[in-house]
Every structure is written in C-alpha cells, then in structure tokens.
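Here is what TrEMBL says about this protein:
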REPEAT    152-186  repeat 'PPR'
REPEAT    187-221  repeat 'PPR'
REPEAT    222-257  repeat 'PPR'
REPEAT    328-362  repeat 'PPR'
REPEAT    363-396  repeat 'PPR'
REPEAT    397-431  repeat 'PPR'
REPEAT    432-466  repeat 'PPR'
REPEAT    502-536  repeat 'PPR'
REPEAT    537-571  repeat 'PPR'
REPEAT    572-606  repeat 'PPR'
REPEAT    607-641  repeat 'PPR'
REPEAT    642-676  repeat 'PPR'
C-alpha cells in the first residue's frame, strides 16, 4: 500500500488515489499511511472527502474512525469549511448519536475554525426529529432566533415533519399556506411529507386532496408521492382508488413508475385478492425492463399459491432464478406452502431437498412442511420431519408444537398428542394456546370432559396465556354433553381467569339454552352482552329465533325479528330462512309469504333453501298453484334446483294425485343429470302403492 504513494505526496495526488478507490477500508488505509508520510499534511479537502465517505456508510464501526479524524483536525488546527463539519454531524446523526452531533455543532469554531450555517442547524434539527426527540427539536428551533439564523425551505420541511409526527395536520396546512403567501414556495418534499403523514394516520381522502392541491399550485408530484398514495389505498383494501392513482401515474408525462411502484402495486393487488392482476403487472414490469427483486417475487409467489395457482408461482420461481436472483427462505417458504395447499407432496419433497442444499431451512420451513403433511393426512411423514428438525439442531418454537399436536388431534391420534404434550410440559417446553386448545377440543369431541378440564387447569398452571379460543372449546364440550350448568359456571369464571368471553362464547351458550328450551336464560344472556358492551351479531339473534321456532313460539320469534330490524340490522338469508321454515311448519303460509316479500327491502336475496322451504309449505297445504309459482321463481332467479327441490316437488305432486306431472319432473331431473336418491324412489314407490 505504501508503494502506491509517490515520494513527493501532495493533497491533490492523494485525493486522486482516494477517488479511484471504491472500497472504504482501502481509502482509510491510504489516508492513514499518508498521515505518516514525511513532509506531508492533510488539507481540508482530504478531510472532507474521507469524512463524507465515512458518514455515508451504514456500518456503525466507522464511527471510531470519524472521531479520531476529528481529533486530528483539531490537533492540526486545520481550517475547514462548514461542509466538513456537516459530514461529521450527519455521520453521528445517522447512527442516532445525537448528543455527539450536538457537541460537534457547539464546538465547530473550536474544532474546524468555522461558524455553523443554516445547513448545520437544519441537519441537527432533523436529527432530533429522526430520533423522535421532538421536544428537543422544539427547543432547538427556538435557538435559531437567538442566534439570528434565518430559516429556509429545508427548515420548514423539517417543521412539517415534526407536525406530521404529532398528527397536527391542520397546523401543517396553515404552515404551507403561510409559506405560499410569504413567497417561500413549498416543494414536492413539503407536500410528500404531509401526504405520507396523512396516509400513515389513515386519512386517505385528505391525503388525496393534498395530492390534488399540488397540481393546482403548479407542483408535479414525484413518483414517491404516487407510491405512498397507492400503497395506502391498497393496504386499506380500497382497490378502486389505488387503481385510479396508478392510472394517473401511468398517464402522467412528468413522472414514471419505478421498481418500488410495481412492488407496491403487486403487493397491494395481491392483498386485495386480485392475483391475476398481480401477474399482469409483473408482465408489464418485465416489458418495461424493470428489474424484479426478491420482494416482487415473494409477493407474487405467495399470492398465486394462496389462489391455488401453483403453476404460475412455479413460473415466477424459475424466471427469478434465470434472471440471477437467488431465492431466500421467504420465497422457498411461500412455494413450499403452495405445494402443500394443493397436495403436491412429491414436489414438496423435491423443493425441500433443494432448500437443504441451499441452506434455506429454518424452523418456519419445518413448520410449513409439517402442517402441509398433516393436512394431507400424511401423519408418519409429518412425524419424520419433526424428528429431522430435532436431529438437525433446529430448535422447535411454540408454533412447531402447536402444529404437531393439532395435526395429531385432527388426524385421530389424540392419545399420541397427549403424550407429546405431557412429555414437553415435563421438559418445561413452551406450549401455546393453539396446542392446548387442539387437545381440549379433541377431548371434548370424545366426551372426555374430566380430562379436558384437567388439561385446562394444567395449561393455566404452566403459565400459558388463556385465550377465548381455548375457553370456548371447553364451553362447547359442556354444551354438547348437555352439561349446561357446568358451561354456565365456567363461563362465569372466565373474567376472573383474565379471559374475557367473546360473542362466540355467548352464542354457544345461547344455542345450548335454546335447545334446552330455557329461553328466559337465553334472553338474560343477550341482556348481559349488551350491558358489557358486546353487540349481539346475526348469529346470536338467529340462534334465539331458531330455538323459538322449534318450540312453536312463532309470535316471539317474529317479535324478535322486528326488534332486530328496528335496531338497524338487516336480516340475512339464514335468519329469514329460519323463521320462514318455522311459519311453514306451523302452516302459517300467509306470514311466510309476506316475510319472503319483505326480503327485498332488507337487500336480502333469497337462496335455494328459501324457495325449497316455501315450496314445501305450499305443497303441505295442497296449494299446488303457489308451489308451482315458487318453482318458476327458482328458474327465473337463475338458481339451479337440487335433488331436494325435486324431492319436495315430487312428494307434493304425488300427494295431490298428479302422478303424470311427477314423472315429467323426474325426467327433467334426469335430463339435468341430477341423480335421484333413495328418498326420491321411496316417494314414487309409495305414490304407486298407496295412490
């Protein structure tokens, strides 16, 4: 390295060498060797060059070098410009060493022989904001006035950033208006900061207004402004608004989409479930010669796999490799999950082998494969992967145990799951609520409630956070075993266990009470829900109505429906079907028909169950004319009658002694390739035998 330096070294010749060096460590070595060179002294230009390189580096190990070079400047008493001091302040600020940056600022005259200018003030002011020391930023800005420093556009842009961090958006608008009036024209960065703040706070409509104001003021938003807005709308699920901004970006003459724009769009449309649109964007990205990155690829592969389009995901995977992009664990995991979802187990293991060769297997990868194998009922293979994980020294996390135990329970290996949980609990392994709830649900399903309760107690003893999911599993177990009192007792104890009941908890109990014809207690639970701030959902009311209808308390069911409507709820088709069925069963076809007609005003579309129920009601009343009218409504509504529809019609026609019409409907069913069931033939045989 020393041989590289000329015998007669000058700052000019050293600067040339430093500029030609692309490596920071090489530059530092050259600088240090030159420092020892006889009859040579660094000047301000050399100091500025090396300090600027250090300040731009993201490696925090550069800070000690910066500190010693500042000491050299002070010892040498080298007179430097503000640019040199600025490089040091920026370097410390970048590493969040704000006090050190402040120290340099306060001692600029002593160290560098220069006074701080507005750029130094702005840099330090911004450093306070970036490090979230907003109170210090306020105090420092007041210091501007005492030092007679005139704020400039950059200063006001930092003030805009402060106000946005505090969500004082009205204050920002006032500041922008004042800047225009004072002929201190805000720039794209000023507006971009406000747009970003509004988007992050969820004020998307206001952000769009600010964006439009830029055009009115003669400012052209840059691609960053577009990207922020598109990302905000799409993350909020507003696909149409996101696409409108994208359209404006594509049609703009002053701005062009960059790789970030495409990534934001692809990620956003995939979030909105528009995976095919994501593929189209990817194709356009390639056409416009925008280089894809790992983020683009992983987003698309994940999205396509979620859609079940594994072939498309494979295509992306192959193209990224052809383009020299090395898949990371996220990409591998997304594709592995996709293969598992569609049951491509052979491809799963082929990819798994490749992941092993590329050293891209993590605990998450093992979890994905185990879950996939369990979902495809390949229990032995899943257990083999579990053993392989332990053999390869991969430490299982709580999700791993949850997947193992849930998979065993789901596939009927409850006792095996119990052994795993017991062994790991004794080994003081961390179990999550997912693992416990799987065991508890499995035990409840088999009616082993004592064991389920004991498991719940063990879970609490192990310090595992109790979740409503686990508690609900136990409540459901008690109800299915007709132990309503035990379910109510446990429900009452949930709050004391720091596990608040959810709407699902209430619904389970209401269902159980209604089935036990304890409607008074069910209503009390609804009142309890309201008192505790829970809003009964459509399921809650539907369960109550179903119970009332089954107990022939139709007046109460209709009264409850009126209450639901009066509270601003719009009944859904399930709720309406429950009451129509109850009314038809009681022969009250007039009210059933009226309820059917009311569905349109609730924007509730009838489904095939609605029509089948009404049709069956009319046939039971020997009203073939209205029953036939319902059949016509099914066809007019574009619905396809199922075998239940045909069985209802055949039974109704036979009961009205219209055997020839019944045969015509049977032939119609066969022509539509609807296969008759045993019930179908039983209806027809009985009609022939008994007339």
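Note that Cβ sites are derived from N, Cα and C of the backbone, with glycine treated the same way.
Beyond its flanks by at least six residues, the repeat 'PPR' (363-396) meets 329, 332-333, 336-337, 339-341, 343, 345, 348, 352, 355, 403-404, 406-408, 410-411, 413, 429 of its own chain at Cβ-Cβ distances under 8 Å. Remote same-chain residues near the repeat 'PPR' (152-186) are listed as 118-119, 121-122, 125-126, 129, 132, 134, 137-138, 141, 144, 193-194, 196-198, 201, 203, 206, 217, 219 (criterion: CB distance under 8 Å, separation of at least six residues from the stretch ends). Counting only same-chain residues 6+ beyond the ends of the repeat 'PPR' (432-466), those with a CB under 8 A from a CB of the stretch are 398-399, 401-402, 404-406, 409-410, 414, 417-418, 421, 425, 473-474, 476-478, 480-481, 483, 486, 497-499. Counting residues of the repeat 'PPR' (502-536) by DSSP class, helix then strand then coil, yields 26 helix, 0 strand, 9 coil. Predicted-model confidence for the repeat 'PPR' (642-676) is 91, expressed as mean pLDDT. Helix, strand and coil counts from DSSP across the repeat 'PPR' (152-186) read 26 helix, 0 strand, 9 coil. Nonlocal intrachain contacts for the repeat 'PPR' (537-571), taken as residues 6+ away from its ends with a CB within less than 8 angstroms of a stretch CB, comprise 503, 506-507, 510-511, 513-515, 517, 519, 522-523, 526, 529, 578-579, 581-583, 585-586, 588, 591, 602-604.
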